[in-house]
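Peer 1: Take a look at the following structure, please.
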Amino acid sequence: MTAIDHNSLLASTQLVIEQALQRLGYGQDMVDLMKEPLRMLTVRIPVRMDDGKVQVFTGFRAQHNDAVGPTKGGVRFHPDVTEEEVKALSIWMSLKCGIADLPYGGGKGGIICDPRRMSFGELERLSRGYVRAISQMVGPNKDIPAPDVMTNSQVMAWMVDEYSHIREFDSPGFITGKPIVLGGSKGRETATAQGVVMMIFEALKVRGIALKDARVIVQGFGNAGSYLSKFMHEAGAKVVGISDVNGALYDPEGLDIPDLIDRRDSFGTVTNLFKNTITNEELLVQPCDILVPAAIENQITEDNAHQIQASIIVEAANGPTTIEATKIVTERGILLVPDVLASAGGVIVSYFEWVQNNQGYYWSEEEVMQKLQQLMTQGFNKVYETHQMKQVDMRLAAYMVGVRKTAEAARYRGWV
Ligand code: NAD
């Protein structure tokens, strides 16, 4: 499998941004504005470890563009985080917010660390240290963080507590993805997966495939992958393949998803409990109707795009398909629902959480899901319509829809 190259991830994002802006009739000045974040902060965070020694961690926060409103995006804890990755992810957040028509620009953060090797106390001190380091740059009306890879509601709780201490008043709107008792929204934990499932349903409709017995392969069994496997299983589809970092399981008769979820650990791994597994590479090219990459970047590449047997790919992960592979699968007639559309459920419900924090009045889960459904479907229709009308692939269509609002706002503000 191709190694993750964050430079090329950023470069390919910039390339599609450029193509989208050109298609929309904008000039090079707008491309120059949009292809990099407006602000990028690198911080060094000293943390006292349990053995008494101090370890210094490097963290980042990128704010892509705040022409529309405050920036918004998650913080990931991962050993492979780079500045380029955080930049690319902040641009994708702008696109997601644009597609969902949220009053935000994109932001993103990350810390180079391995939470799997850190104690609870060390993680708390790192989370609080990060907030102290970026506190000048973030805030409920400036830039609003959220969970991402290997961060969760507990990390958000430490972060909101630290921020509230610094500001000397309770500031729930500073961060989303909080526990419900600290002002979290009902439905936030499953929002990304619910949104992906909504997009799978829309894609099935377009392709005229019945949901019942549709065969689904999901790569990644963490927050996004396990919930969406569960929802697809409950909806009557047949989840025939799942995987995690250690390997993959495939059964054409369908897997017992509730049992696998019960046995999964908190880092989304379960395949280590099985003797007979296949590799992630093998899983992606097994027979299925819908393939959902929900793990990491660069999984569908020019090396395997020709072998994929699905007729629909829905990208739950950020950046799982390269530009070259996008071209190949589109030419092969596979309907690709791109990441910036398919995985927008998380930021949409994060937006709902922020709205509820600002108004101090909280909605039922049904209300949240109904509003999510409305924004996701609207997004799908806009992207699919652009894809058909402008005769561009679904990724370029999504970028055109996603970047339009920020570009227009920047022009009204007189920035370009
Ligand atoms: P997670 O950390 O909960 O789970 C990741 C899963 O991927 C785990 O099962 C892990 O074992 C597996 N994995 C890791 N490396 C792998 C590899 N090399 N090959 C195969 N599998 C591997 O993360 P998550 O929150 O589920 O996020 C997954 C993807 O979805 C990421 O790209 C993330 O950016 C994206 N996403 C998540 C959310 C969200 O709200 N959780 C929102 C938007 C986008």
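Using the three backbone atoms N, Cα and C, a Cβ is placed for every residue, glycine included.
TrEMBL lists LYS72, LYS96, SER350 with the feature substrate binding site. Residues annotated as active site, proton donor in TrEMBL: LYS108. Among the features that TrEMBL reports, site 'Important for catalysis' is placed at ASP148. Under the heading NAD(+) binding site, TrEMBL lists THR192, ASN223.
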Peer 1: Quick test of your reading of the structure: among the binding-site residues LYS72, LYS96, THR192, ASN223, whose CB sits under 6 A from ligand 1?
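Peer 2: What lies within reach of ligand 1, judged by Cβ under 6 Å, is THR192, ASN223.
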Peer 1: Here are some recorded positions: LYS72, LYS96, LYS108. Which one has the most Cβ atoms within 10 Å of its Cβ?
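Peer 2: Selected residue: LYS108.
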Peer 1: Could you name the residues, excluding LYS72, LYS96, SER350, of the same chain that surround the substrate site, i.e. Cβ within 8 Å of the Cβ centre of those residues, in sequence order?
Peer 2: GLY73, MET93, CYS97, ALA100, LEU102, TYR104, GLY106, ILE144, ALA146, THR176, ALA344, GLY346, VAL347, ILE348, TYR351
Peer 1: Given the recorded positions LYS108, ASP148, THR192, ASN223, which lie within 10 A of LYS72 (substrate binding site) by CA-CA distance?
Peer 2: LYS108
Peer 1: For SER350 (substrate binding site) and ASP148 (site 'Important for catalysis'), determine the Cα separation and express it in whole Å.
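Peer 2: A Cα-Cα distance of 12 Å.
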Peer 1: I want to check the contact list for ASN223 (NAD(+) binding site): same chain, sequence separation of six or more, C-beta distance under 8 angstroms. What comes out?
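Peer 2: Result: ASN152, GLU189, THR192, ALA193, GLY268.
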Peer 1: Taking the Cα atoms as reference points, how far is ASP148 (site 'Important for catalysis') from LYS96 (substrate binding site) in Å?
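Peer 2: One finds 15 Å between the Cα atoms of these residues.
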